[in-house]
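The feature transmembrane segment is assigned by TrEMBL to 34-53, 108-126, 196-216, 248-270, 291-313, 333-355.
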């Protein structure tokens, strides 16, 4: 029997649960207006795929009078164009390569498999963050501000930091309503570690009741556990240890974090456990074959675009080097962007990946 669920049911559930728990904890007062509550749980820009919004951040925005002169149109347009580029130009162009290789990994060698999983992680990042960028822009045009959901996750120097930058509202929700409810880091050393692992297990199970998602969540939890244990050990015994200069250490840590994230992402996309194991075996024990020139011709530019995008994002958001051009100059670029989008948009139309969760 195939059960058809309403689009956005998981995000609707997350927001309803957070409201109920916050009221129970006394962190917010019960909302007396049904219409205001209904708007909170069904706000259309983010309903179907996030970001997850909490009542304590959204409901106060309903009290402010919206004025057209105060709406940040330029910022909204920038975010919408950025989200559209991520989804249509990057994610949708990577999708055919990912689909072909994951469908039958036995026909492909080590390099092709690493390329496929790397492109899948980029595909789901650009697909999901592209949607949330466009949702953010749509809400901004209505006078509302949604929470940040992604912040350059591929510049993270650890998997722990990666989760502070990837699907931030889900990570925050799991921390506030699962991890802390289990006792967080106040429940003793063993329980603290278990709570950390179990929270990621729940994250895997939320994506689907399949063994591949459970393995993915368990792997993520185990890695976070190892990093927490290593951090505690280093802080206790070698607090001032500096193996390499920061300028050398940072790129190495970023590369290793990306490598681990890509390897674990295999299980998120694998069609079955058996195919996942086949991919891991061939990824870590060299095999030749299967790589086609068109895969590199498409895949490498997509990867480079994400690298450049993260570098620009780091300069703008981390180093605060934002460039604010005159309005006429900014708008003169839009026809060029429109032509570029028309040329780079693939023929196939793909739905957003997170619509299924």
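Just so it is clear, glycine is given a Cβ too, placed from its N, Cα and C backbone atoms.
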* With the transmembrane segment (108-126) as the reference, find which of 248-270, 291-313, 333-355 contributes the most Cβ pairs under 8 Å. => 291-313
* Structure fact -> Beyond a gap of at least 6 residues from its ends, the CB atoms lying under 8 Å from the transmembrane segment (291-313) belong to 89-90, 93-94, 97, 108-109, 111-112, 115, 118-119, 122, 125-126, 151-152, 154-155
* What residues in the same chain, six or more past the boundaries of the transmembrane segment (34-53), come closer than 8 Å to it by Cβ-Cβ distance? -> 7-8, 11-12, 14-16, 18-19, 59, 62, 128, 131-132, 134-136, 138-139, 142, 144, 146-149, 167-170, 172-173, 352, 354-355, 357
